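Student: The compositional bias 'Low complexity' annotation in TrEMBL covers 446-461. Summarising the annotation, TrEMBL assigns compositional bias 'Acidic residues' to 487-496. The feature region 'Disordered' is assigned by TrEMBL to 445-504. Sequence annotations record features per position, and here TrEMBL assigns transmembrane segment to 14-32, 87-104, 143-164, 214-234, 380-397, 403-427.
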Amino acid sequence: MCIYLLNSTHYEVFIYPCFFLQRTLFSILRFYKTVKPPFFYHSEKFPPLSFCQLTRGYFLEHNEAKYTERRERVYTCMRIPKELEKLMTFGFFLCVDAFLYVFTLLPLRVLLALLRLLTLPCCGFSGSRLLQPAQVCDVLKGLILVLCFSMMHYVDYSMMYHLIRGQSVIKLYIIYNMLEVADRLFSSFGQDILDALYWTATEPKERKRDSIGVIPHFFMAVFYVFLHAILIMVQASTLNVAFNSHNKSLLTIMMSNNFVEIKGSVFKKFEKNNLFQMSNSDIKERFTSYVLLIIVCLRNMEQFSWNPDHLWVLFPDVFMVVTSEVAVDIIKHAFITKFNDITADVYSEYRASLAFDLVSSRQKNACTDYSDSVARRMGFIPLPLAVLLIRVVMTSVKVQGALSYTCVFLCYLGLVTLKVLNSIVLLGKSCVYVKRANMEDKLFEKPSTSASSSAKTPSKADQARCPTPSGTPQSPVVQPAALLSKEEEEGEAPEADEVKHRTPKKDLLEIDRFTICGNRID
């Protein structure tokens, strides 16, 4: 065979590559013999140059700090899922507690306030107020719920569903993104509308009022809650269309939108306060997504006559949506903490801050209701979502006969029991987190009451409220936990030749969902 190859005309195929390789090796050897070593080369420090340094070694301990830091980053990324889910679970049950409050304790508190009004002629009128400020806020919340629920009866859910279903996939994807942006804008401005209503209704009469009145603020609040409920209904309808599409392409596109969020968040500069605000937003979004999934399942089960087999048909899609939400949150927070050198222990501080809000709202002289505290901290406003859920449940479930009303009453008792148990567990956990973070002393501190020279002397009604550091009375729905040190309140005064605007450093207890939304993140 070899003789045949050598005698054949194709021996060049084997001979020429061998000649080329031999000439290349000789050229490299001649280069290493003639080349001079560099000026920094010393034989006692560097091994002799050879063609292939197979035995060259290196010592990682000479750069111990660098490699230790890299290892800690890996360990931090591994700890992020556990610490993040602890925070998410605690925040989720905080939202559950605030949401169940609307269905369970708020009706009872409204009934007690109305009973007080009815018994005033019999018991006699004493004091300067017909109702306490907290009772006024409860009555206003109850009236808003009733009026918005009555208005939602004129909105046809089925017509909205078929109108959305007739649109193209790309158009629905754009609509869903617009709805997410609109939901954030509504939440940021809506809580301010509700806060303005509560403060206008409970403002002391001795004070000179500069507001437009309670009735205009009340109609503004009703209009906001109604529009926000319709917005969430359109979101639920779009998600329902995605679930019922044949090829599931719309659902896949909507889920991919969560991964686009990673691109917009990971490569920005984040500090602890910015990350806290984003974590609260993620808690609110996750809870809202779960409520939307419940609404979608209720509507689908109604269409299939409450067939239990259809629930297993919906289960894979529900599982896929929930899994994508959790995976995106973990990836996003893992890389944000990695790029900004933030440790995983920061999530324990965030959890302690949320627990501090809960414990503060349970004090005797609390400045705000707990549900309003959660709304201000996380941007979660339960009223629009509660109006929509009541509307969907009453449309999907037909209540007829004494037995049905008995079941409804038993469900209400079950919700009350769940609310009470959830509150007890949350309060116990919150006390543990506050004690672990050494924040017990802040519970008994009072904000600075130093008034400015132009401020008036507060009246007795004002002194009963929680004063702000500037000396002006604070709204009953403003954060009670703005406990800053003297240096943090004053901040660093900007110099005359400084161009950049310098904002004072804020404590975690002062950061809410909307505090730094307008601040630029470089």
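From the backbone N, Cα and C atoms, a Cβ is placed for every residue, glycine too.
Quick one: how deep are these features, and who are their neighbours?
Tutor: Taking Cβ pairs closer than 8 Å, the transmembrane segment (143-164) reaches residues 102, 106, 172, 175, 218, 221-222, 225-226, 229-230, 233-234, 237-238, 240-241, 299, 383-384, 386-388, 390-392, 395 in its own chain, all 6 or more past its ends.
Only residues 6 or more beyond the boundaries of the transmembrane segment (214-234), in the same chain, are considered here, and those with a CB under 8 A from a CB of the stretch are 140, 143-144, 147-148, 151-152, 155, 157, 160, 164, 175, 179, 182-183, 186-187, 189-190, 193-194, 196-197, 200-201, 288, 292, 381, 383-385, 387-388, 391.
Residues 95, 98-99, 101-103, 141, 144-145, 148-149, 152-153, 157, 186-187, 190-191, 194, 225-226, 228-229, 231-233, 236, 283-284, 287-288, 291, 294-295, 298-299, 301-302, 371, 374 of the same chain lie 6+ residues outside the transmembrane segment (380-397) yet bring a C-beta within less than 8 angstroms of a C-beta in it.
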